[in-house]
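Enquirer: Below: one structure in structure tokens.
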Amino acid sequence: MSGCVFSAAARNARFSGLDTRTCVRRGIGRNALSRRDISSRVTVDMSAADEHKARGNAHFAKHEYAAAIDAFTSAIECDGTNHVFWSNRSAAYSGAEKWNEALRDAEKTIELKPEWGKGYGRKGAALFGMQKFDEARSAYALGLEKEPDNALLKSGLEDVELAMNAKKGSDDGMRQIGDMFRAPDLMAKLATNPATRGYLSQPDFIAMLSEVQKDPSALNKHLADPRMMNVLSVAMGIKVMSGDEAAQEFGEHEADSKPTPASEPKKAPEQAPKKAPEPEPEISESRKRALEAKDAGNAAYKKRDFDAAIAKYDEAIELDPEDISFLNNRAAANLEKGDFDACIGDCDAAIEKGRSIRADYTVIAKAMTRKGNALVKQGKLEEAVDQYQRSLTEHRTADTLKRLNDAEKALKEAKEAAYLDPVKGEEARERGNGFFKDQKFPEAVKEYTEAIARNPKDHKAYSNRAASYTKLTAFNEALKDAEKCIELEPTFVKGYARKGAVQFFVKEYDDAMTTYSEGLKHDPTNEELRDGLRRCQEQISRGASGQLSEEEMKARQERAMANPEIQAILSDPVMRQVLQDMSTDPKAAAEHQKNPMIMAKVQKLINAGIVQVR
């Protein structure tokens, strides 16, 4: 720029220490200027910066923010250490609503002169424009710590707090609108009001209402629809007029109240007019008394004075029979009191009334759930399950779902308990034994199942059904029954024989040996167990010596490889080395045989058919 020779540090620099690069950039050598020339040029530089500043101030006063920004930028180029230039450009950027740039310059101002309060004011203004009200308030507060009497900072802080309160009020207003449109009794009010009843059959109205329920701010775009004005009237209990109606009714009064042009104050362009608080919706005297009675009933309910609560709910219902929440509350009090029939009656009345006035589905669902609770108390579990299921179709809640699951579980247990009869269980087991002898195994399974249902603790029924399943080659079911038999009666050796037989048939010889050995601990002379153990040993020996067919060995090894214990042994690097040594290094193999832990794992592999001994 013309008139600018040095960078901003010239003012405070010692002349003998000027930056050579600055001089070279301007075409001036280190030795080309005398001390007097340098002083002259610095004076010109400062004068030019002030001129740019003055020009910027003039543009700023005329709201010519772009021109003001250019002028202040020129001043900064002449003297970048002058905090005032940065402050002024920050203000110009704020005027142009370039908040990020305004914040950047404000922070530079604070960096250059931390004790200057106006820098914090510039930062607060930029943050205010970005609607970062908490940060703006902090900036103004920090500035006031530097200059407690600064009127600009005090005013800025007040503006921020007003804006924060206004935003909170706006958020609260939207929340109140949302609550009003989501009120459980809104649909009932619309259905019973002659002016709005017909709207409920109009799909576009339902869509509009649903949109406002989900997003209260959507109300603004629907206010031109007269149906929405009627909805507001019904919801608030007051007459809500459209813009045209308001103009007709209040136009003359507004004209009389307008100030004359000479006295009319100028409107601040950045501030929206404050909205007067809306009056509370007017309600009828009977409705007011009904709500008071309900509140009194709720207070008595909390004190567990259920008779007093019921009396107050009776009063509320008499004053306003259209509000089904009163019925729901009375049902709750009757439930706690133990008058389950009265509770069910109130719930039925609430459901019926809710259907007739198209009440909110959540209110109807609540009545159904409460009826289910009363039915559970009466032991009518099937009816309770039905009510909970109906409630969930209206409105799905975690509480009702849990109650349904609990009721279904209790119902199942009740049915099982009612079916118990050990005598009939023994009769069924005997019938099963007859079918088993006749080799009618499906019929035997059916009778043994009946015996278990009649007496779930009958270990013999499980043992016999395991034998029947084994004959039908249903080995998984047979194994489960054999294990259940052992669980119920660990000393009953036939349970071990059943389990061992299943394991033998699926060629899990090592596991079968373990099962037979466990049974022999309880009856060492049992021939069935001893024979089973012998047969397992024979099969293991045949497999280890390679006497099984290739197909048998392959099938056996595939089953063994599915065993997690076998997989763990084979994936162990130490065991893999042991197996390698046993096949190639007799001396090392002899050493390994001295280790009982290693040999136990080797024997496991031999029994499973993975390793053969030749």
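Placed from the backbone N, Cα and C atoms, the Cβ positions cover glycine too.
Got these off TrEMBL a minute ago, pasting:
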- 193-232: domain 'STI1' (DOMAIN)
- 246-292: region 'Disordered' (REGION)
- 264-292: compositional bias 'Basic and acidic residues' (COMPBIAS)
- 290-323: repeat 'TPR' (REPEAT)
- 365-398: repeat 'TPR' (REPEAT)
- 425-458: repeat 'TPR' (REPEAT)
- 459-492: repeat 'TPR' (REPEAT)
- 493-526: repeat 'TPR' (REPEAT)
- 563-602: domain 'STI1' (DOMAIN)
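I'd like these features described in context: how deep, what's nearby, how far apart.
Expert: Helix, strand and coil counts from DSSP across the domain 'STI1' (193-232) read 31 helix, 0 strand, 9 coil.
Here the repeat 'TPR' (290-323) returns a mean pLDDT of 93 for the predicted model.
Tertiary proximity for the repeat 'TPR' (365-398) is limited to same-chain residues at least six positions away from its ends with a CB under 8 Å from its CB atoms, namely 324, 327-328, 331-332, 335, 338, 340, 343-344, 347-348, 350-351, 354, 404, 407-408, 410-411, 414.
Across the repeat 'TPR' (425-458), DSSP assigns 27 helix, 0 strand, 7 coil.
Sequence-remote contacts of a segment are chain residues at least 6 beyond its ends whose Cβ falls under 8 Å from one of its Cβ atoms, and for the repeat 'TPR' (459-492) they are 425, 428-429, 432-433, 436, 439, 441-442, 444-445, 448-449, 451-452, 498-499, 501-503, 505-506, 522.
Here the repeat 'TPR' (493-526) has, by DSSP, the following mix of helix, strand and coil residues: 27 helix, 0 strand, 7 coil.
Note on the domain 'STI1' (563-602): residues 608, 610-611 of its chain, located 6 or more positions outside it, place their CB under 8 angstroms from a CB of the stretch.
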Enquirer: I need to check the long-range neighbours of the repeat 'TPR' (290-323): which residues 6 or more away from its ends have a CB within less than 8 Å of a CB in the stretch?
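Expert: That would be 185, 188, 192, 283, 329-330, 332-334, 336-337, 353, 357.
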